[in-house]
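Under the heading Zn(2+) binding site, Swiss-Prot lists 70, 72, 240, 315. Annotation comment: Swiss-Prot describes 70, 72, 240, 315 as Fe(3+) binding site. Under the heading 4-imidazolone-5-propanoate binding site, Swiss-Prot lists 79, 142, 175, 243, 320. As annotated by Swiss-Prot, N-formimidoyl-L-glutamate binding site applies to 142, 317, 319.
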């Protein structure tokens with residue numbers, strides 16, 4: 001049994017009667033990979049005497065393990081050559097239309113071997129881990145053909161079994177229409193619905209299905225067909241929605257009872273109302289707006305005020321958010337979206353867990369949940385986002401085991 005002691009525990013719990021927006025002084029008992037007890041005040045001497053290990057985190061803050069609910073983890077290559085285009089004022093869609101953007105990464109991902117893609121993803125997961133992430137969603141969508149989509153999803157499965165971070169796998173063939181279907185989007189939609197999605201489901205390679213509902217990518221009508229087909233096959237649903245143009249993607253996500261609608265920089269007031277009513281989680285990606293040098297951020301405060309559950313994620317990908325550090329999204333949420341530290345922490349713990357259907361097992365410090373914990377070298381939650389630009393993680397614990405400490409990996413497979 002391991003006993004954690006701290007004068008700043010932010011539990012992210014949603015239990016009635018608990019002030020979930022404040023940290024408290026207390027203790028956490030961990031045994032067999034699970035949280036056995038959470039208490040306020042001093043730990044009883046009986047617990048201290050029974051503990052095999054006592055982690056004294058006084059002067060530091062303990063949170064639940066961070067959950068990155070939106071990543072494009074498995075991909076080939078990088079796109080630093082596009083930075084000059086962005087600095088020259090080229091938009092995301094202009095770069096995409098010129099053969100760059102997603103298609104650049106599709107070519108690199110198709111050309112890379114399974115071993116190369118796996119090693120690249122493992123390196124990224126290690127970076128995520130030392131910055132506090134203990135669970136991550138991972139989308140395909142840089143293959144767009146049967147072979148490469150399956151390859152990337154098989155890598156997700158391998159990563160989930162061979163790295164401390166738990167991986168939640170998402171099929172996202174509807175990321176773009178590939179070159180071989182350039183003038184035949186309808187043919188590509190049929191290919192996904194009739195061939196790829198059934199094969200992915202048969203092999204058990206993805207829990208969720210996602211699609212990019214955007215001008216010149218997939219229309220609302222096309223996206224709805226894809227989502228209905230995915231739901232009929234038994235996939236849970238996610239949606240890239242209202243990222244650049246307000247197409248009523250959020251309303252579609254709510255209509256389809258999707259677990260999450262993601263991006264949402266161009267969401268309408270009606271879209272916000274729809275998400276609040278449906279319970280669909282808004283997964284917001286402030287690091288993406290930052291990297292794209294955009295002045296437009298999703299209206300996070302308004303969403304929260306209207307009752308939308310808001311999560312925050314990195315959107316880790318080579319084109320619009322090349323960072324594995326979820327703390328970057330936290331800082332951007334504070335300084336660009338004006339969210340409070342408690343709102344931010346809930347966004348990367350319990351709300352993010354809801355976005356990937358894991359709220360019953362992770363995302364908060366509660367009895368019976370998985371013992372995924374992060375100890376931050378911060379005396380309180382305000383300091384955690386106030387002291388920006390550094391890795392504030394002191395220790396990362398996964399299922400009750402120490403896996404990273406002071407920027408170093410200490411896990412053993």
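Cβ coordinates come from backbone N, Cα and C, glycine included.
Structure coloured by features recorded in Swiss-Prot.
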residue: 72; record: Zn(2+) binding site; DSSP (3 states): coil
residue: 79; record: 4-imidazolone-5-propanoate binding site; DSSP (3 states): coil
residue: 142; record: 4-imidazolone-5-propanoate binding site; DSSP (3 states): coil
residue: 175; record: 4-imidazolone-5-propanoate binding site; DSSP (3 states): coil
residue: 240; record: Zn(2+) binding site; DSSP (3 states): strand
residue: 315; record: Zn(2+) binding site; DSSP (3 states): coil
residue: 320; record: 4-imidazolone-5-propanoate binding site; DSSP (3 states): coil
Sort out the sequence-distant neighbours of residue 315 (Zn(2+) binding site) for me: same chain, 6+ apart, CB within less than 8 Å of its CB, listed by position.
70, 71, 72, 263, 285, 287, 288, 321
Spatial neighbours of residue 240 (Zn(2+) binding site) among the binding-site residues 175, 317, 320, defined as Cα within 10 A: which are they?
175
Cβ within 8 Å of the mean position of the Cβ atoms of 142, 317, 319: remaining residues of the chain near N-formimidoyl-L-glutamate:
72, 75, 79, 102, 105, 141, 318, 320
Once the chains shown are all counted, how many other Cβ atoms turn up within 10 Å of the Cβ of residue 70 (Zn(2+) binding site)?
31
Go through 72, 79, 175, 240, our binding-site residues, and report the one whose Cβ sees the most other Cβ atoms within 10 Å.
240
Just report the maximum Cα pair distance in Å for the recorded N-formimidoyl-L-glutamate binders 142, 317, 319, no decimals.
11
Have a look at the binding-site residues 79, 142, 175, 243 and say which one has the shortest Cα distance to residue 319 (N-formimidoyl-L-glutamate binding site).
79
Sorted by position, what residues of the same chain at least six away from residue 320 (4-imidazolone-5-propanoate binding site) have a C-beta under 8 A from it?
92, 288, 291, 292
